Amino acid sequence: MTLHQQADIVVLGSFMTDVVSYVSHLPRVGETLCGSKLAICCGGKGANQAVSATRLGANTAIIGKLGNDSFGKSYLDALKKEQIITDFVGLTSEALTGLAQIIVEDSGQNSIVIVPGANNYLTTQDVNNSKATFVKAKVMLSVLEIPRETVLTGLKLANELGVFTILNAAPAVENLEKDFYELADIFCVNETEAEMLIGQPVTNHDEALSAAHCLMGKGCKKHVLVTLGKHGALLLSRNDKDGFLDPVSVTAPEVKAIDTTGAGDCFLGALAYFLAYHPDFPLSKAVVNSCRVASKSVQKAGTQTSFPYKQELECDLFV
Ligand SMILES: Nc1ncnc2c1ncn2[C@@H]1O[C@H](COP(=O)(O)OP(=O)(O)O)[C@@H](O)[C@H]1O
Ligand SMILES: *[C@@H]1O[C@H](CO)[C@@H](O)[C@H](O)[C@H]1NC(C)=O
Ligand SMILES: *[C@@H]1O[C@H](CO)[C@@H](O)[C@H](O)[C@H]1NC(C)=O
Ligand SMILES: *[C@@H]1O[C@H](CO)[C@@H](O)[C@H](O)[C@H]1NC(C)=O
């Protein structure tokens, strides 16, 4: 009975059905192409992160909105199969389930159209209605693929209830109101998202450090985390006076990357897991371990399909 199951992690986030066509080259204007293969998979940053945390063993609830259509219904089934708590997943008839149409050419280049659809109908009211699930949660994780006021309502509610908040400011946006920075215990972005927010390139640890300081300047009260793909991640934290702790540069394990899509989502789900289930770990250790989990995911094709289960990982991650 999912109804009485208590979530330790609450993801306030998005769902997308990924429809992927494989072609020899991307179509030009007016061109009709015959593709070689089709794949339909569950995606969307929120759901990806929930799947990542759940596969490590977390009791995870997702708050989100699907369309009252066949994609929505099969997505809901998939979430239940993953043992994600779906009590607060709504079905709307106002719009179709979020969809990402992805075209991948043989060279690996792709082009993507995202229609958020039902995700845009996740309201502040939906968050308020799910208050019960926040009350005992340890960590809330949110992304920007849903309406901003909904994210803010969730961050405020979590703060009121003493739930630790992680905001993944993704997809990339140019401007974010101060509240988002202030209400996030960890403000996490990748290189592209950091660049968009601060207007400076971020491609290595040094640039990530100045980006992190810049993001602190925008209102972050505790921690800024910048993920750097194969270079790992950078963590900057405030100390309890007016300054900062020494920044922590984490290197990612060197692995043969096959498909890095979803690496960031795998990382964030893992981070939420370590914070909720290993509160004794220093944050730097949680980040190191999350990099290790994410580096597993890049060695497999697909997004959710590439996220590891706890039993596939080294035991020392969990002690
Ligand atoms: N090529 C890679 N090799 C090893 N680890 C990787 C690689 N790409 C990503 N990762 C891991 O995944 C994390 C998130 O990746 P990143 O590319 O920054 O996120 P996003 O998916 O948002 O672009 C990184 O911090 C790193 O730990
Ligand atoms: C979904 O659609 C069905 C009809 O196809 C309808 O009976 C049901 O009430 C709808 N549910 C919601 C939540 O809109
Ligand atoms: C949700 O709760 C907040 C805080 O209690 C309140 O300010 C807001 O008006 C509520 N929103 C809705 C739509 O009920
Ligand atoms: C960062 O994440 C966005 C999605 O928000 C993605 O489009 C982009 O490619 C990522 N950047 C890097 C450098 O991986």
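Cβ from N, Cα, C; glycine included.
Quick look at what TrEMBL lists:
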{"type": "ACT_SITE", "residues": "Asp265", "note": "active site, proton acceptor"}
{"type": "BINDING", "residues": "Met16, Thr17, Asp18, Gly44, Lys45, Gly46, Ala47, Asn48, Glu145, Asp265", "note": "substrate binding site"}
{"type": "BINDING", "residues": "Asn190, Thr227, Leu228, Gly229, Lys230, His231, Gly232, Gly264, Asp265", "note": "ATP binding site"}
{"type": "BINDING", "residues": "Asp259, Thr261, Ser297, Lys300, Gly302, Ser306", "note": "K(+) binding site"}
{"type": "DOMAIN", "residues": "7-308", "note": "domain 'Carbohydrate kinase PfkB'"}
| said: If I restrict to non-local contacts, at least six residues apart, and a C-beta distance under 8 angstroms, what lies near Asp18 (substrate binding site) in its own chain? | reply: Ala39, Ile40, Cys41, Cys42, Gly43, Ala100, Ile102, Thr303
| query | CA-CA, which of the binding-site residues Gly232, Thr261, Lys300 lies nearest Lys45 (substrate binding site)? | reply | Thr261
| remark: The answer for which binding-site residues (Lys45, Asn190, Lys230, Ser297, Ser306) have a CB under 6 A from ligand 1 is Asn190, Lys230
| query | How long is the line from the C-alpha of Ser297 (K(+) binding site) to the C-alpha of the residue listed as 'active site, proton acceptor', rounded to the nearest angstrom? | reply | 10
| query | Roughly how many Å separate the Cα of Leu228 (ATP binding site) from that of the residue listed as 'active site, proton acceptor', to the nearest whole number? | reply | 13
| said: What are the sequence-distant neighbours of Asp259 (K(+) binding site), meaning same chain, six or more residues apart, C-beta distance under 8 angstroms? | reply: Val298, Lys300, Ala301, Gly302, Ser306
| Which number gives the other C-beta atoms within 10 angstroms of the C-beta of Glu145 (substrate binding site), all protein chains shown included? | 24
| Of Met16, Ala47, Leu228 (the binding-site residues), the residue whose Cβ has the fewest other Cβ atoms within 10 Å | Leu228
| request: Check the binding-site residues Gly232, Gly302 for other C-beta atoms within 10 angstroms of each C-beta and report the one with the most. | output: Gly232
| field | Separation of alpha carbons, Thr261 (K(+) binding site) and Lys230 (ATP binding site) (Å) | value | 12
| note | Among binding-site residues Ala47, Glu145, Asn190, Leu228, Gly232, close to ligand 4 by Cβ (under 6 Å) are Asn190
| field | Listed binding-site residues Asn190, Gly232, Thr261, filtered to Cα within 10 Å of Ala47 (substrate binding site) | value | none
| task | Under 8 Å Cβ to Cβ from the residue listed as 'active site, proton acceptor', same chain, six or more residues apart: give me those in sequence order, or none if nothing qualifies. | result | Lys45, Asn48, Gln49, Ser52, Thr303
